[in-house]
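Q: Just dropping this structure here.
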Amino acid sequence: MGCLNQKLSSFLNNRWLVFVAAMWIQSCAGIGYLFGSISPAIKTSLNYNQRQVARLGVAKDLGDSVGFLAGSLSEILPLWAALLIGAIQNFVGYGWVWLVVTGRVPVLPLWAMCILIFIGTNGETYFNTAALVSCVQNFPKSRGPVVGILKGFAGLGGAILTQIYAVVHSPDHASLIFMVAVGPTMVVIALMFIVRPVGGHKQIRPSDGFSFSVVYGICLVLASYLMGVMLVEDLVDLSHTVITILTVILFVILLIPILIPVALSFSWEPRTSVEEALLPESQKEGPSKSEDTGEDIIFSEIEDEKPNEVDLLPASERQKRIAQLQAKLAQAAAEGAVRIKKRRPHRGEDFTLMEALIKADFWLIFFSLLLGSGSGLTVIDNLGQMSQSLGYNNTHVFVSMISIWNFLGRIGGGYFSEKIVRDYAYPRPIAMAGAQVIMAVGHFFFAMGWPGAMYVGTLLVGLGYGAHWAIVPAAASELFGLKKFGALYNFLTLANPAGSLVFSGLIASSIYDREAEKQAHGRHPGQHSLLSSFSSFVFLDDPLKCEGAICFFLTSMIMSGLCIIAVVLSMILVHRTKTVYTHLYGRTRR
């Protein structure tokens, strides 16, 4: 009985259990991707026009990206409390929208509906923050794969919830809003006490590589299965029984990862502290110096006193030399010879958000992400109009496809960026530069409008856009530490709505309207400007329709150019952080 209790305790405190639970929570954190499915019910019930629905979409994007409060609360509250706040926001926001749409409460003005959508979608930021903070701390040496997998499941959340909704088979489309309000709330409340830091850096096993391979395999199977199911359901009129069976298989695939912590806790003997001590030092240490050590008392004068070659020494020798300098400075301070003060953190150590905001590297990441992910989100937001302008009728096929490529981009971005830092000790942002090159090519295909270009462009932009959200959080945690990771990550996510507002809300819409007006009146577009396009959005004018590759040619070329600029910013960051990554990962290659 005692052995069983010990194994049960080991299971409940296993970092792989936390990781699996975080994956399930993240699968509920993609409700923002369902907006395109729930907006028709809102539009029909409340008699909104397309411009009013677009305002709700802006509120959704802001709610999905503004995570200052989630990041701050995750630092002062236990993670279960942050998850509970997110669940309450999700339930209240979308629950009230459901009540309004179904006529159970009085109709609210548009601004109030925007607030409800914002509150409901903002619950996702708590799910994201809690999942990433706990798992990055539990897997400090596998940040790329962990972030990629978790963000990938968030990208697949919409497809998973859509498949579950297909089982309900309700003629009332408002029931999807009810499912969005209740489903994620129940899942998060059920798992909120599991997702937490459990000292995962002390649970390293030789089998971790195999376990990650299993998870990657499950991710690929899940993506392939969802893609196949969506295509079959689109092409064939399936019976409700078949749809139910397909959904049950989906649940089975989602549950398979739980076998990893079960096997680790119940099938294998737990390792003793002696066995833990036999691990190589490079396996026991996290790659970041952000854990509490004696380095917290490094003095600013050391930077003046230490020779430049100290930075090039191996980590153990470097720390010895710095410790010797510290001792000399402490003695000098005691004798009144020098005045001691604590220095500011350097890259690879723990930063607060305010300290990070004065670092050039932080802004290089932000603007590179803004240009890269912003251009990708522009495609996602306009994919329906882009496909329609090229003569495609089944626009939702491209929406489903880009969701799958987005998922695979996040998985692949985490995997390949981790290989780069592990095998070559090279800065992770080089992977982001590669993703932005892929996106630049994808935008070029969109601009050309060749036969089949929609499929190629969707593939390339989806992969590149998804890779950003695996690479950026991992790189931020390496350069600026884990202690304030929640606040740092949620600030960086502001790049997404900022890019969408400028690139999609102003540039893309202005060019599209100008080309549509040109086609409608058979003359040169005249003085249609960015300002008039924005005023059209504000005052809810009826949109014009454009046909042909010309509709998004200039927009796509601009997006391609912005991605090239993002590549330049990423390469500058790579150059600036080579020494940091050599210190963090160079010792693991020996």
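Even glycines carry a Cβ here, placed using N, Cα and C.
Unlike curated entries, TrEMBL annotations are predicted automatically.
The structure displayed is predicted, hence computed values, not measured ones.
I grabbed these lines from TrEMBL:
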type	residues	note
DOMAIN	15-262	domain 'Nodulin-like'
DOMAIN	357-530	domain 'NFD4 C-terminal'
TRANSMEM	16-36	transmembrane segment
TRANSMEM	107-127	transmembrane segment
TRANSMEM	148-168	transmembrane segment
TRANSMEM	174-198	transmembrane segment
TRANSMEM	210-232	transmembrane segment
TRANSMEM	238-264	transmembrane segment
TRANSMEM	391-409	transmembrane segment
TRANSMEM	430-448	transmembrane segment
TRANSMEM	454-476	transmembrane segment
TRANSMEM	488-512	transmembrane segment
TRANSMEM	552-574	transmembrane segment
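Tell me about the surroundings of these features in the structure.
A: Long-range neighbours of the transmembrane segment (16-36) within the same chain, counting only residues 6 or more positions beyond its ends whose Cβ lies under 8 Å from a Cβ of the stretch, are 56-57, 60-61, 63-64, 83, 90, 94, 120-121, 124, 127-128, 130-131, 134-135, 138-139, 146, 149-151, 153-162, 176, 180, 183-184, 187-188, 191, 194-196, 198, 200, 211, 254, 257-258, 260-261, 264-265, 399, 403.
Long-range contacts of the transmembrane segment (107-127) within its own chain (CB-CB distance under 8 A, at least 6 residues past either end) are made by residues 25-26, 28-32, 42, 46, 48, 52, 55-56, 58-60, 62-67, 69-71, 73-74, 82-83, 85-90, 92-97, 100, 154, 180-181, 184, 188, 490, 493.
Among residues of the same chain six or more beyond the transmembrane segment (148-168), those with a C-beta under 8 A of the stretch's C-beta atoms are 22-24, 26-34, 37, 124, 127-128, 131-132, 135, 175-176, 179-180, 183, 215-216, 219, 222-223, 226, 229-230, 233, 240, 243-244, 246-247, 250, 254, 400, 403-404, 406-408, 410-415, 417, 466, 469-470, 473-474.
Beyond the transmembrane segment (430-448), the same-chain residues lying 6 or more positions past its ends with a Cβ under 8 Å from any Cβ of the stretch are 368, 371-372, 375-376, 379, 386, 409, 413, 416-417, 420, 454, 456-461, 463-465, 467-468, 471-472, 475, 549, 552-554, 556-557, 559-561, 563-564, 566-567, 570-571, 574.
Residues 132, 136, 143-144, 146-148, 151-152, 155, 362, 365, 369, 372-373, 375-377, 379-380, 383, 386-387, 390, 392, 398, 401-414, 417-418, 427-429, 431-432, 434-436, 438-439, 441-443, 445-446, 485, 488-489, 492, 563 of the same chain lie 6+ residues outside the transmembrane segment (454-476) yet bring a C-beta within less than 8 angstroms of a C-beta in it.
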Q: Residues of the same chain, at least six outside the transmembrane segment (391-409), with any C-beta under 8 angstroms of its C-beta?
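A: For the transmembrane segment (391-409), the sequence-distant neighbours (Cβ-Cβ under 8 Å, at least 6 residues beyond its ends) are 33, 36, 152-153, 155-156, 158-159, 219-220, 223, 226-227, 230-231, 234, 379-380, 383-384, 435, 454-455, 458-459, 461-467, 470, 547.
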Q: As a test of reading the model: what is the averaged pLDDT for the domain 'Nodulin-like' (15-262)?
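A: The predicted confidence over the domain 'Nodulin-like' (15-262), as a mean pLDDT, is 87.
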